[in-house]
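Q: In case it helps, Swiss-Prot gives these features for our protein:
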type	residues	note
TOPO_DOM	22-404	topological domain 'Extracellular'
COMPBIAS	26-40	compositional bias 'Pro residues'
REPEAT	161-185	repeat 'LRR 1'
REPEAT	189-211	repeat 'LRR 2'
REPEAT	212-235	repeat 'LRR 3'
REPEAT	236-259	repeat 'LRR 4'
REPEAT	261-283	repeat 'LRR 5'
REPEAT	284-307	repeat 'LRR 6'
REPEAT	309-332	repeat 'LRR 7'
TRANSMEM	405-425	transmembrane segment
Amino acid sequence: MKPPSLPLLLLLLHLSATISAAPSLSPTPSPTTSPIPPHKPSSSSSPLDPKQLKALESLNIPTVKDPCNHRPTTKSTSSSVVTCDTSSPFRLVTSISFTNCSTDLSISTTALRALSPSLTSLSFLNCPSLSPPPRLPDSLHSFTAVSSFLRRRNGLSGVFLARLVNLTDLTVSSVPVSTSGLFVILGNMHEIVSLTISHANLSGNIPKSFHSNLTFIDLSDNLLKGSIPTSITLLSNLKSLNLSKNTISGDIPDSIGDLISLKNLSLSSNKLSGPIPDSISSIPELTHLDLSGNQLNGTIPRFISKMKYLTHLNLANNAFHGVLPFNASFIKNLEVFKIGGNSDLCYNHSVLSSKMKLGIAQCDKHGLPLSPPPQKEDSNSDYDYGNEDDTSEKKKEEHHGPNKVVLGVAIGLSSLVFLIIFMILLAKWCG
């Protein structure tokens, strides 16, 4: 009997081509991770001061091993980090940071007295059930309290904080502060450099004067009222000013331009009115400008597009009018740009594309909005080139998806046709 060489050969060739055309799945290599070197305690010839060692024990800080080299293994459990100096004959504690404090922790005056005067930094993070001690050491240069001391309704008092006259860094956030005014706290802090009192129910007016050493001020999310004092512009070293989420009113002072070291200016969610002062153009390295959620009016000044270091610009939800004076290249260079919620503001369609989704209407030939834009800025109206690219890529994937399905069906049908032809030829040959 003569074998069916031709049909069989055709079938084998076709099946071989089909298999080779199918996508191959190579085994995924197992991920490799470089081993993390174990923490090596720093060697020191001096033991820790016995009185301070006893003080750490009373604060529930482990002392079986050297507490100065102890580091917590997880972030979810109660932990403490102690830093010591290298003095002799005994080392001394310089810094303690408590995180997720246990409910049985108590900060005694006796322990703090033993740790003073070497203790210069004290931090409490997420210690809501903790009660503040009657007094903190005068030696402190840095004090931090975040989401802590919430057992009392009043949290921390202004007098309690005002005693820390040697502070250079004060951070109080999500902790109520009861005081008749910010000046009570800052009056004698002549060395203060960084000041944060945010989300603290702080009320009253902004002080008319600040200490000249300040480089960072964050008084956001409080109940501060009144106007921005012109004297704040005497802070020539100030790099960041955040007064957002208060009830501050009045104009932005023209002298704001005297803050020549400023990089971040956040005045959002207040009751500020008037135009954007031209003096802001005198701040050479401003990178973050947020004036959203106010009652600012007038036209948006052209000088903003000349600020070469600007990366974040939010002017949303104000009362600006006229034609937006920015071109596409300026907007593309910004990481964040929000302009919606200005019903009388519009853009020139010959300069900017509608695809940019700015949240404002297109201008007519008279420079007026063609249609009413959204009343409030929507988070989806941010101009983001990255999102636009992602969308186009998804469209490409959706476009190419059906082609792969059609190709698979065609290969399957052709295989079936060859099989039928082979069976017919085989039947004829056998017959």
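Every residue gets a Cβ built from N, Cα and C, even glycine.
Note that the coordinates shown come from a computational prediction; the quantities given were computed from them, not determined experimentally.
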Q: Relative to the repeat 'LRR 2' (189-211), which of 236-259, 261-283, 309-332 accounts for the most Cβ pairs at distances under 8 Å?
A: 236-259
Q: Same chain only, please: residues at least 6 beyond the ends of the repeat 'LRR 3' (212-235) with a C-beta under 8 Å from a C-beta of the stretch. Say none if there are none.
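A: Those are 168, 182, 190-206, 241-253, 255-259, 261, 266-267, in sequence order.
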Q: Could you give the mean pLDDT over the repeat 'LRR 5' (261-283), rounded to a whole number?
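A: In the predicted model, the repeat 'LRR 5' (261-283) has a mean pLDDT of 97.
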